[in-house]
Every structure is written in structure tokens, then in C-alpha cells.
Amino acid sequence: MASATDDKMATTQQTNSKAANEPSDSYVETKRQAVIEAREQALQAKAEAVRVKAQFRAETIRAKAEEKASRTLAKAENRALKIEGIAPAEVERKIRLDVHGRPKPAMRGWIHAVATPLSLAAGIVLICLAHGASLKWACAVFMTSSLVLFTNSACYHLGDWSPRVTDVLRRIDHVNIFLLIAGTYTPVSFALEPFWRNIIIISMWACTVIAIIIHVIWINAPRWLYTVVYIIFGIYGLAYMVMFWNSPYAGPAVVVLLCSGGACYILGAIVYALRKPDPWPRVFGFHEIFHCGTVAGYACHMVAIYMVIVALWH
């Protein structure tokens with residue numbers, strides 16, 4: 001009996017000792033939650049490290065891109081300044097303004113400056129080739145009118161003049177095209193009979209005088225009015241094209257050259273009036289296109305005069 005009781009007590013003690021040594025459920029759950037939280041914190045720390053690294057890399061790429069863009073922009077600006085002929089340190093000093101206070105393109109005036117010595121050489125050649133004193137004087141008129149136009153235009157647009165000198169040069173510049181057109185028809189008219197030659201010379205120079213008076217008195221006339229007068233004056237010679245066509249000293253080639261020169265004047269005047277196209281305002285604008293039209297028209301008319309002079313040799 002006593003032995004059975006002792007065995008039972010021993011078994012109970014062993015069970016209690018084993019239960020005491022085994023962890024409770026709450027303890028296990030606490031441990032599990034701690035492990036999960038530690039793992040989440042580790043993942044968050046790793047994600048934060050990745051984010052910081054990505055942000056740093058993005059900022060580095062952005063800084064390099066901005067630096068490269070700045071270098072490219074500076075290089076492009078320096079190249080543009082070189083094309084325009086303006087040194088970066090002298091930009092402010094080199095800017096020229098026209099009579100309206102607008103910046104002048106870098107090419108303003110240089111086209112006519114180059115044409116000046118060429119027109120002098122061409123005029124001398126025509127005078128030397130002309131036969132007879134009258135035709136030589138007519139060629140001298142053409143040379144003088146072209147020299148006055150190109151020289152005055154170059155001085156007016158290239159120089160930095162006082163307001164009074166600028167006003168004088170501007171008035172001369174506005175009437176020079178009429179002088180050149182009249183000066184062109186003076187030697188060309190020698191291809192016709194003396195009667196029609198005198199009619200052309202007298203009418204052309206009379207219209208020139210009237211146009212000069214209008215332009216000198218009304219220097220600030222609207223741009224469109226100047227254009228209309230230019231066009232009317234330029235196409236006036238069309239009334240005599242049939243006679244030039246049938247003349248043995250002119251013919252179709254001379255007529256084509258005269259019409260081509262007039263078309264160059266007219267197209268240039270239209271561009272001048274519309275101010276379009278204006279391709280490179282800082283370098284080569286609408287006014288430079290107008291000057292190119294003037295030079296092209298002069299070249300066509302100069303060749304026409306040369307052909308008349310050569311034909312009059314026979």
C-alpha cells in the first residue's frame with residue numbers, strides 16, 4: 001500500500017518537473033512576434049538602403065545631364081556668336097541699331113559694300129567698250145548711279161553717324177533706286193531709234209526727279225507707299241519691251257535680262273515691305289534679302305547694257 005502511494009507521488013513530481021521545463025504558449029507566441037518584427041525591420045532597413053542608393057544614383061545622373069546640357073548650350077551660344085561675328089566679351093559693344101532702334105543684323109550694309117568696287121570696275125569696262133561719246137557718257141551715268149547707290153547704302157548701314165548725318169544718308173538711300181533704274185535705261189535706250197531713245201531718257205529722268213522730290217519731302221512715308229512707287233517705277237520700262245525685242249541691237253536676250261532685273265527689284269521691294277521672310281534676324285534678315293535683290297537686278301541690267309554695246313559695234 002505504501003509502495004503504491006510512493007510510486008504515485010514520484011510520477012506526479014516527474015510530470016510537474018516536465019511541465020515546468022516546457023515553455024508556455026504565450027512565451028512561444030512572443031518569441032514568434034519578435035522574430036517577425038525583426039525580420040520586417042530588416043526588410044525595411046534594406047528597402048531604405050536601396051531607396052537611398054537609387055536616389056543618390058538618380059541625383060548623380062541628373063547632375064551629369066545638367067552639366068552636359070550646360071556645356072552643350074554654352075558651346076552652341078559661342079558658335080552662334082562666332083557665326084554672327086561677335087566676340088562674347090564684346091556683345092553689348094558690337095550691337096548696332098537702325099533708325100528705328102532695332103538691332104541691325106551682322107550682314108547689314110556689307111552686301112552693298114562688296115558690290116561698290118565691283119560696280120566701279122564694271123562701269124569702267126562698259127565705258128571703255130562703248131563706241132561714241134554719247135554712249136560713253138550714258139555708261140558713265142549708269143556707273144555713277146550704281147556707285148552712288150552702293151556706296152551710300154554701305155556707309156549708311158555700316159556707319160555709326162550723328163542724327164543729322166543719318167537723316168541725310170537715309171534720304172539719299174531712299175531715292176538711289178530711282179537713280180539706278182533711270183541710269184540703267186539711259187545706255188540701254190541706245191538700242192532704239194533716236195526719237196524713242198529721247199522719249200525714254202526724258203520720261204525716266206522726269207519720273208526720277210518727281211520720286212526724289214516726294215521722298216525728300218516725305219521721308220517718313222509709309223513703307224507700303226515706298227513699295228508701290230518702286231514697283232510702278234520698275235515696271236514702267238515694260239511699255240518699251242516690244243521695241244527692245246524687235247531692235248537689232250537688243251533682242252529677246254536683252255528683254256529677258258531687263259525683265260529679270262526688274263523682277264529682282266520688285267521681289268526685293270515686296271520682301272522689304274512685308275519684312276518676310278526674315279531668316280536670321282541677328283545675321284541675315286529681310287533687309288539683306290532686299291539688298292541682294294538690288295545687286296541681282298543691277299547685275300542683270302549691267303549684262304543687258306554690255307550686250308547692247310557689243311551689238312552697236314556692228
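From the backbone N, Cα and C atoms, a Cβ is placed for every residue, glycine too.
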Practice task
Select one of HIS157, HIS174: the residue that TrEMBL places in the Zn(2+) site alongside HIS287, HIS291.
Solution key: HIS157
Exercise for the section: Please give the sequence-distant neighbours of the transmembrane segment (295-313): residues at least 6 beyond its ends with Cβ less than 8 Å from one of its Cβ atoms. Expected result: 111-112, 115, 119, 122, 125-126, 129-131, 135, 139, 142, 146, 180, 184, 187-188, 190-191, 248-251, 253-254, 257-258, 260-265, 268
Exercise for the section: Quickly jot the same-chain residues contacting the transmembrane segment (174-192) by Cβ under 8 Å, restricted to those at least six beyond its ends, or write none. Expected result: 126, 130, 134-135, 138-139, 141-142, 144-146, 148-149, 152-153, 200-201, 204-205, 207-208, 211-212, 215-216, 219, 226, 230, 233-234, 237, 240, 243-244, 247, 249-250, 254, 258, 261, 265, 294, 298, 301, 304-305, 308-309, 311-312
Fill in the blank from the handout: So HIS291 (Zn(2+) binding site), by the Cβ count within 10 Å over all chains shown, scores 23
Handout entry: For HIS287 (Zn(2+) binding site), the number of other Cβ atoms found within 10 Å of its own Cβ
Key = 22
Handout entry: Spatial neighbours of HIS157 (Zn(2+) binding site) that are distant in sequence (at least 6 apart) but have CB under 8 A
Key = LYS104, ARG108, GLY109, HIS112
Exercise for the section: Starting from the Cβ centroid of HIS157, HIS287, HIS291, the recorded Zn(2+) site, name every other residue in that chain with its Cβ within 8 Å, sequence order please. Expected result: MET107, ARG108, GLY109, ILE111, HIS112, SER153, GLU288, PHE290
